[in-house]
Amino acid sequence: MPGHILQSSLFTLLCASSAIAQGGTLPWLSPVYPLYTQPLTFGSEITPKYTVPNSDGSLLDYYEVEIKPVDVQIYPNLSKTKLVGYNGEVPGPTFRMRQGREAVVRFINKGTLANSVHLHGSYSRAPFDGWADDTTDPGQYKDYYYPNRQNARTLWYHDHAIDHTAKNAYFGQAGFYILSDAQEDSLGLPSENFDLPLALAAKRYNSDGSLWDPEANGETTSVFGDVIHVNGVPWPYHKVEPRKYRLRFLNTGISRSYQLYFESSAAAGKQIPFTVFASDAGLTLNPVQTNDLYISDAERWEVIFDFSAYAGKNVTLRNSRKVAADEDYNSTDQVMRFIVGDKVSDPSRGDNLPNGLPQTLRNVPFPPAHAPTEYNFKFEHSNGKWEVNGITWSAGIDQRILAKPERGAVQKWTLANSAGGWSHPIHIHLVDLQITSRSGGRGALMPYEKVALKDVMWLDVNEQIDVVARYAPWDGVYMFHCHNLIHEDHEMLAAFNVTALADFGYNETTHFIDPMEPQYRAVSFNDDDYSHRNGPFSESEIKKKLDWFIKKDAYNKVDEVEKALAEYWSTHKSGATASATGSKASASVTASGSKTTSDDKKTTASATAPAPTTFKTSTTSDQQKGKNTSSKSK
């Protein structure tokens, strides 16, 4: 071992002894790792294999991504760690996408476990949203069709396969998907080398450098991990210039949450203020200055940090102790280090944001404050099970659909954590939400939460929060769940059905209501066809498939849809018939009152056309293979 690494390891061990003596932290579970000795890395940026014209004059890009094993040198003095990543990268390659330019991504499973890919933060149609039972087995591929029509935001893609989400994500199946637009461009934010995507993850290792496997070890509560990674590297360092940077924080971990703050080597213990300006759903209403930032699993927050006052010094990104109910280990209060240079490399480029950010960043489309329809959801641990309103995913389709908002309706959901010693980051698919209140736990909204739209809400121990959302633009069946992925895999996973409006009157040529629609399911492939680009991998067949997608008009008329929904709800009372269970749905009612009604079976095209909202949960081929995709198999 090189001398500086040995010295760092001895220092870390001494710190561990001191911390344990003082109480409050646990000793290393993993082999001791030398902090701040390895450079931060950034994955590749993926480029499209083909680009074709879309029906509205825009472009449609086609990508291919392999899910495959990869050996990575995590510990410098131990064996390589076996991981499974997108294109063999951990994190996966970064997609940099432009608003209005749709994409089809073919995910090809060359791994050993089934997978399902969720583009987190996208209003993808139900068959392309990563429904947990819509799995792609090894030797299969699935084409996911993505809209890229929302405002600029930091999205991410990750596994969502039933029973295996935690393991697949933990072993590497996660990556950035960054969407830009003209409005964000106009702000002049730091870009290129000064725009840093930072994926956080906490993991645990065995003595030989292999990754501790939560599935193999029967973990049912949490993996807080004692080794903190940024972009796949434990406690990295990164050399920066003395200027402003854009930092995109994404928590890709499966259990650990953070309370992040910065401190300088010149003033240890003193927190440095920074500016939060974007959330899960993109730009916030206003920029907010803060000294720390709470971020739970799957949340994204973007900040501007100014290194100009720290030339020639180190700035360390740290994590507070005693965050939520997470376990503290020796070095889980450390995250990464920025080594600030003496000067900027190109003074001619000037300082981004010399006058700071504008006071109003964008007109955030907050939902109306009044929501006539309300649901209450309890996230709890009962009789060894993780449940939502006493229901588990394996209870079956009739039971797991706990809400039925009408398309375009506004609803308030009250989320309560009664699970005791665990926090729950709750993710609601399809929609952007506003957190309107928090009680218990931290007791109040953070200032940056008040000006943001979100798709993940940190529900801390003994907390209750209210969230309001407009359930649009699409109808169909979607999931909501805890994003502590151990909890999700052990059934803290439910669904909601955005129901069709019988008298909507807007004609849509194709419906995407059923997440298990057979025509969009994964298909098997021949390795020889893949390697020689024959059959479904030939250019001609791929372009035929793209033309097939284009003709379905899945996304390019979203502005028309939104206009039609606005006109509809301007003359209808929002939420008047929002669910089959009534306008005030309690835990007991939603648990049992979720059967499809006759109104649910009407489409948006007319009041008489059929729509499979009580959707098929398995196909003939699935049944022949002995699969039951309608429920979890434990």
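Keep in mind that glycine also has a Cβ here, set from the backbone N, Cα and C atoms.
Quick look at what TrEMBL lists:
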COMPBIAS  576-596  compositional bias 'Low complexity'
COMPBIAS  604-621  compositional bias 'Low complexity'
COMPBIAS  622-634  compositional bias 'Polar residues'
DOMAIN    74-182  domain 'Plastocyanin-like'
DOMAIN    368-499  domain 'Plastocyanin-like'
REGION    576-634  region 'Disordered'
SIGNAL    1-21  signal peptide
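On the 0 to 100 pLDDT scale, the domain 'Plastocyanin-like' (74-182) averages 98 in this prediction. Taking H, G and I as helix, E and B as strand and the rest as coil, DSSP gives the domain 'Plastocyanin-like' (368-499) the counts 16 helix, 65 strand, 51 coil. Counted with DSSP, the domain 'Plastocyanin-like' (74-182) comes out as 10 helix, 49 strand, 50 coil.
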